[in-house]
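Quick notes on the structure that follows.
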Amino acid sequence: MTRKHHHFKGAEVSCCVKYFLFGFNIIFWLLGAAFLAIGLWAWAEKFSVFLGLIFFLELTAGILAFVFKDWIKDQLNFFINNNVKAYRDDIDLQNLIDFAQEYWSCCGAHGPDDWNLNIYFNCTDKNPSRERCGVPFSCCVKDPAEDVINTQCGYDVRLQGELNRQKYIYTKGCVGQFEKWLQDNLIIVAGIFVGIALLQIFGICLAQNLVSDVKAVKANW
């Protein structure tokens, strides 16, 4: 009994590393509930492998985003135009488009006329909708003096000329505005990704250290 006890004391799992690693990974679990089940499985089976896989996928995504930026731009344009068509079909989708147009001060994928793709906003003579030749209220330039949102501010606005439109609605497309936002915040976005990557590498090192400690303890049982 004494001999076994002596060998067990010779190799122990560091409590500091163990609990620090546990707390470190809690931060990543909070980033999305979808990772919770996978995280629990990975923690029990191969934790360092799981973190390494996430890091590799993020690195790959970053490289592909740089190499295929034109393709990503086309896909973003396709995504926005498809959602413009279905604007009134899904309230969650509608809220997403409204948020994007308000946040980036834009209208449509490339401009307000993209709303011709929607059956309620298109300018065809056969369109009986009151929103004909208009845009959603999220395209409207906000008046700071207004406390209540005017949901009819975009009615008939596309019947006017380009110069008059600019007084009432955003005339830049969301694809271009999103690109501009990325360029303006490139350092911040890159810094966030680099920070996350460094944290993940640190987590991989801690996980490997914990695995080594566990193996050392098992070897002395």
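Glycine is no exception: its Cβ is also placed from the backbone N, Cα and C atoms.
According to TrEMBL, the transmembrane segment annotation covers 20-43, 49-68, 186-211. Summarising the annotation, TrEMBL assigns disulfide bond to Cys106-Cys139, Cys107-Cys123.
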Rounded inter-Cα distance in Å - Cys107 (disulfide bond), Cys139 (disulfide bond): 5
Alpha-carbon distance [Cys123 (disulfide bond); Cys106 (disulfide bond)] in Å: 20
Least Cβ-crowded entry, counting other Cβ within 10 Å, from the disulfide-bonded residues listed as Cys123, Cys139: Cys123
Of Cys106, Cys107 (the disulfide-bonded residues), the residue whose Cβ has the fewest other Cβ atoms within 10 Å: Cys106
Cys139 (disulfide bond) versus Cys123 (disulfide bond) - Cα distance in angstrom: 17
